[in-house]
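Everything on this sheet refers to the single structure shown next.
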Amino acid sequence: MSKTHFGFETVEETDKAKKVAGVFHSVANNYDLMNDLMSAGMHRAWKAFTIAQANVRPGYKVLDIAAGTGDLTKAFAKAAGPTGEVWHTDINESMLRVGRDRLLDKGIVTPSLLCDAEKIPFPDNYFDVVTVAFGLRNMTHKDVALAEMRRVAKPGGRVMVLEFSKVWEPLKKAYDLYSFKVLPWLGDKFAKDADSYRYLAESIRMHPDQDTLKTMMEQAGLDAVKYYNLSGGVVALHLGTKY
């Protein structure tokens, strides 16, 4: 059997999805708190930048993968308007439920779908914009997921990946201290779940760096791939176009 990484642990590929599911079932009800802890609240600015770069227009079809509590979905649904079609999707039932309920509470009526990014249940050339925010690093076969995102994008459509990445070297020591010492402590104190937060920190370190992910997107068939480093490389937004 093939091996892969679950944080710093080496596991069977067939086991990773179950382990990741366990983490997100555990953190679903505290996911927004988790984002605040992991990013010191900066995730709102990173998402706002992503929303601006997506440039969703009225009538657009948008697929939000690993959409979680629906921050991007909400913004996209408002931008696409009543003539648009915005899908809120996640592979994790707990996350999907929390996000769906939150969207409804805010008056956003848009379809929610349980969706595996490695087997996207939509036809070719369907979406104007395909996004995944803070989800790619948890996927077992990132190359397959990227190829699927490209497949369902229309010609001229954009694929966008917002993800924790590799920080600039001067920040590395402080970032490691925060990730491996402070974050698990905060997870234990506020969510009673140090292990899940420890995994999330480890998963960031195992994720491809900015240039490697750019190459992976190009290998998936995307063109004009570029990325923006945000907050000193703590996060990067990658964008590619399907021609």
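Using N, Cα and C of the backbone, Cβ positions are placed for all residues, glycine too.
What Swiss-Prot lists as S-adenosyl-L-methionine binding site is THR69, ASP90, ASP116, ALA117.
Classification of ASP90 (S-adenosyl-L-methionine binding site) by DSSP places it within a strand. Within 10 Å of the C-beta atom of ASP116 (S-adenosyl-L-methionine binding site) sit 16 other C-beta atoms, taking all shown protein chains into account. Largest Cα-Cα distance over the residues recorded as binding S-adenosyl-L-methionine, namely THR69, ASP90, ASP116, ALA117, equals 17 Å.
Each of the binding-site residues THR69, ASP90, ALA117 was ranked by the number of other C-beta atoms within 10 Å, and first place falls to ASP90.
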